[in-house]
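Asker: In case it helps, TrEMBL gives these features for our protein:
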type: ACT_SITE; residues: 49; note: active site, proton donor
type: BINDING; residues: 111; note: substrate binding site
type: DOMAIN; residues: 25-282; note: domain 'NADP-dependent oxidoreductase'
type: SITE; residues: 78; note: site 'Lowers pKa of active site Tyr'
Ligand code: A2P
């Protein structure tokens with residue numbers, strides 16, 4: 001298994017990236033520095049995580065100390081939902097570049113099929129109808145300008161992907177979605193792979209979940225645990241390795257150095273075919289359902305609406 005996947009732009013996306021959602025300011029700066037020193041070459045960021053300034057400080061120090069050069073890192077960030085109007089998209093990437101102290105991103109994603117009024121709190125009363133063709137047109141301009149070396153989307157269902165593919169001049173390089181052994185995304189992965197769109201997995205350990213959600217856990221799933229025991233790996237390593245073998249990059253979040261290293265140690269061994277087959281027996285449950293986008297008078301009347309029934 002290669003340490004990279006190739007995007008439809010020809011660029012290489014490192015197969016393991018560090019997730020930074022809920023990586024608290026005050027901890028994240030040191031964590032990023034430690035991660036890059038440990039071998040991470042891909043950092044997944046977003047202004048919605050409220051920590052890009054600290055990540056920018058870490059990156060500056062990493063380059064100043066000569067740990068790696070800018071071109072050795074793959075940095076992803078995302079368009080904030082209040083910046084989806086086409087005229088506001090350039091400001092969205094510029095704010096992120098300023099905070100991250102970079103002059104380009106390797107990948108810039110539409111964070112979510114949710115658009116809110118500019119500057120307003122992103123709750124359903126402030127949502128506006130989507131205009132993905134217009135937003136995507138502005139994303140294509142960023143790609144053509146070189147500020148975003150690849151562009152893509154996040155949290156797009158099969159239906160939204162198909163709608164986007166029908167109008168795109170620049171094909172999306174990536175769809176970043178929840179994916180782990182308990183929410184495997186078989187249909188979406190198949191669609192994306194057939195169209196040359198790379199699937200990237202956030203929350204690949206299945207730890208992020210809707211508030212109050214009390215469903216099963218990936219790291220205690222009996223199939224994951226038994227495969228881990230057979231291979232003498234941890235359940236986290238098995239969950240991540242399953243993702244790589246399915247052809248997706250994985251973005252585990254950790255600010256703990258030992259766990260970061262554990263999550264990177266998923267190369268040079270593999271899950272044999274007979275054990276891979278067992279994953280298909282795992283009952284599927286979506287853990288991040290995005291109830292916060294739902295409102296009776298809003299754009300999305302139910303979570304089924306938001307995910308186009310793919311839930
Ligand atoms: P921590 O930052 O303390 O390591 P996900 O990416 O699926 O959302 O999972 C992230 C969560 O899982 C974080 O709470 C993180 O905590 C924890 N985590 C990260 N790596 C591991 C691991 N190898 N084993 C157990 N928990 C982990």
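Just so you know, glycine gets a Cβ as well, placed from its N, Cα and C.
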Asker: Tell me which of the recorded positions 78, 111 sits in the most Cβ-dense spot, judged by other Cβ atoms within 10 Å.
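Answerer: Buried the deepest by this measure is 78.
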Asker: Under 8 Å between C-beta atoms and at least six apart in sequence, can you list the same-chain neighbours of residue 49 (active site, proton donor), or say none if there are none?
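Answerer: Same-chain residues close to residue 49 (active site, proton donor) (Cβ under 8 Å, separated by 6 or more) are 20, 21, 22, 23.
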Asker: Over the domain 'NADP-dependent oxidoreductase' (25-282), work out the mean pLDDT and round it to an integer.
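Answerer: Summing pLDDT over the domain 'NADP-dependent oxidoreductase' (25-282) and dividing by its length gives 96.
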Asker: In angstrom units, rounded to an integer, how far apart are the Cα atoms of residue 78 (site 'Lowers pKa of active site Tyr') and the residue listed as 'substrate binding site'?
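Answerer: The residue listed as 'substrate binding site' has its Cα 5 Å from the Cα of residue 78 (site 'Lowers pKa of active site Tyr').
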